[in-house]
Amino acid sequence: MGRKVVLTLHRNDLRLHDNELIHAAHDSSHKDVTHVLPLYVFDERFVELSGFPGYDREGPEARTRLCGFWRTGAFRARFLVDGVYDMRSSLRQRGSDLLLRFGKMETVTTDVVKALIENGDDVREVFLQKEFYTEELAIERKLRKALREIGVELRTFDQVPLIHVDDLPFAPEAMPDVFTPFRKRIENLHRLGRPPFPIPSPFKPYPQPPSNSQPWPGYGTHIELEHRGLEYVLHCLLRPLQDTFQLRAASEGKNQKSAFPYAGGETPALERLEWYFKEGDPPPVARYKETRNGLLGHSYSTKLSPFLAFGFISPRMIVKALDEYDERWRSTQNTYWIRFELLWRDYFLYAARKFGSKLFTLGGFEERTDPKQAAIKTQPGWWKQWDQDQPLVGETDKEQPAVRWMQGKTGVPFVDANMAELRESGFMSNRGRQNVASFLTKDLQIDWRLGAEFFESHLIDYEPSNNWGNWAYIAGVGNDPRASRQFNPVKQGNDYDPYGDYVRTWLPQLSAVPTNRIQCPWILSDVDFNNYIPKDSYPRKPVIEQPGWKAHYTRRGPSKQGVPNRNERAKNLGPVIMGAAAAREQWKKLNGVSAGTQTAGAETDGSSRRRETKLNGLVRAEAKQNGGGATRERCLE
């Protein structure tokens, strides 16, 4: 008698806990299902597969549409592979497995189902997580059509957002266009999200292929991919990225400076959740409101966004942890703001469903909500364009403002430090994202989609709705009534990096610059600039200087909510920050300058340290007397 099989096809739901696909497939009440086949397909449209020997692609390279960046860069590829193999390990511990294949999801899945049917198996359904974006929905339609042609149904599960679509207090197509009304109506619900699904036990058996000579179809079989393991797959995925800076950074292993040093997968995600909400007395979550605008260290924010992006953890599991914390500590002062960020995520998800392809157009959501304004902002000349004859992929024209922004060489330290962190670690704080996006779109006035695609390629925690929605928001073409907001990077640097720790960490060539000039080194005299900064290591002048910056060249101290207190600062920094002299030597080593070489006229290390100590003392004294407002956070980190 043939086996009765359900196939669970996984995309961004690479976990066992709170996974409705897995829960439904292994439900013991479903007696008509005897075996479950989990499948993950590395889709050639999203990850570049040309590094696999003999791979025969069906379509073009996996590059972004406008600028031609790799859609999945080195850091996210590593994080993805970690998570795929973590899920496979968890399934094998339960007597199951995860079939890995490469190609187009709809083609590979249909071929696997056909092989089961030809083997005499009864394939009842294919289970799939419902997505929100036009490209993924088009793939889903193709898959549904192909499966129906062979008599198999596709069943989708809506489990990406915190608030299930059936629990919304409005029809999805009638959701409020602005976040605040959306949030207020959601917060009036009796419960914020449904209870998470438990991991089923026991698991139904994995349907082994009919024989060793006839393994499951699809690319990978003929090179025994099932036995090659994580490192081989990762090597093949990274091979096409040889010409990129981020590959060189990723290949060096975990960056000790990174605020996100974690491997991908459900296991690390749950460990992080446990640590953040339960480790310590009180745990780190108790300081979230105070530290969430931090820039350095592992504990200033939840660091859950990358795990959410791949579905290594569910938003409902985070809310469960929040509820448990509230019950134990009888406090919601900090946990409210984490729920707030999860609602921002839901808002962008449902906005993507409502507005469809407008998420990715130059005029953004505004093309639907305010067509007249969108027409003005999409006319020629509103946005500056880069030289189309100079490809951005290779970053060849270093004088182009767009390229200087990507390389972190704008001459504005707070912007450049954030871009350096992104390029060297695949992560950037929410504070940093707002600033670099504002700089590209408002100061340089460059087409915001370049920034969105650059982030898509480089960020570990890339999600289409969060990324493109936030970029449109900053660019002034989203659903924001305050579309004219523009960040002042000098003021922001003074507020959120008042001692220069962050800039010195990611721009070590600036480590000797006095603290009162670290955010605006261009105002140094030529003599001082050459004394403090190694020759040709940093731009002498910024790519642009706005009149409004000058009021903040004389620093006034940090924002009250901008940085952690002194004890929290020391805890976050740990071994990350090095002395000015050590940082200069590190920069020289990285750039091939002799370690014994000293820039002409530079101070000795001792005098530099004495000057820096004195300046830091003055800054700390000022910081006690001055503060500033914090801007609204936009996404969970």
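Cβ atoms are placed via backbone N, Cα and C, with glycine included.
Since the structure is predicted, the reported quantities are computational estimates derived from the model, not experimental observations.
Annotated features, as they stand in TrEMBL:
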DOMAIN    4-162  domain 'Photolyase/cryptochrome alpha/beta'
BINDING   Tyr288, Ser301, Thr302, Lys303, Leu304, Ser305  FAD binding site
SITE      Trp386  site 'Electron transfer via tryptophanyl radical'
SITE      Trp448  site 'Electron transfer via tryptophanyl radical'
SITE      Trp471  site 'Electron transfer via tryptophanyl radical'
REGION    590-637  region 'Disordered'
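Secondary structure at Ser301 (FAD binding site), as computed by DSSP, is coil. Distance between Cα atoms for Ser301 (FAD binding site) and Trp448 (site 'Electron transfer via tryptophanyl radical'): 26 Å, as a whole number. A simple Cβ count within 10 Å picks out one of the binding-site residues Ser301, Thr302, Ser305 as the most packed, and that one is Ser301. Within 10 Å of its Cβ, the residue among the recorded positions Tyr288, Trp471 with the fewest other Cβ atoms is Tyr288.
Reduced to three states, the DSSP call for Trp448 (site 'Electron transfer via tryptophanyl radical') is helix. Other Cβ atoms within 10 Å of the Cβ of Lys303 (FAD binding site) number 23 in total over all chains.
Recorded residues Lys303 (FAD binding site) and Trp448 (site 'Electron transfer via tryptophanyl radical') have their alpha carbons 25 Å apart, per Cα-Cα distance.
Each residue in the domain 'Photolyase/cryptochrome alpha/beta' (4-162) has a pLDDT score, and their mean in this model is 94. Between the alpha carbons (Cα) of Tyr288 (FAD binding site) and Trp471 (site 'Electron transfer via tryptophanyl radical') lies a span of roughly 24 Å.
Packing around Leu304 (FAD binding site) is summarised by its Cβ count: 24 other Cβ atoms lie within 10 angstroms of its Cβ, all protein chains included. Considering only the binding-site residues Thr302, Leu304, Ser305, no residue lies within 10 A of Trp471 (site 'Electron transfer via tryptophanyl radical') on a C-alpha to C-alpha basis. In this structure the alpha carbons, written CA, of Leu304 (FAD binding site) and Trp448 (site 'Electron transfer via tryptophanyl radical') are 26 Å apart. In the three-state DSSP classification, Trp471 (site 'Electron transfer via tryptophanyl radical') falls within a helix. Residues within less than 8 Å, Cβ to Cβ, of Trp448 (site 'Electron transfer via tryptophanyl radical') and separated from it by at least 6 positions along the same chain comprise Leu362, Trp383, Ala437, Leu440, Thr441, Trp471, Ala472, Ile474, Ala475, Val477. Under the DSSP three-state reduction, Tyr288 (FAD binding site) is assigned to helix.
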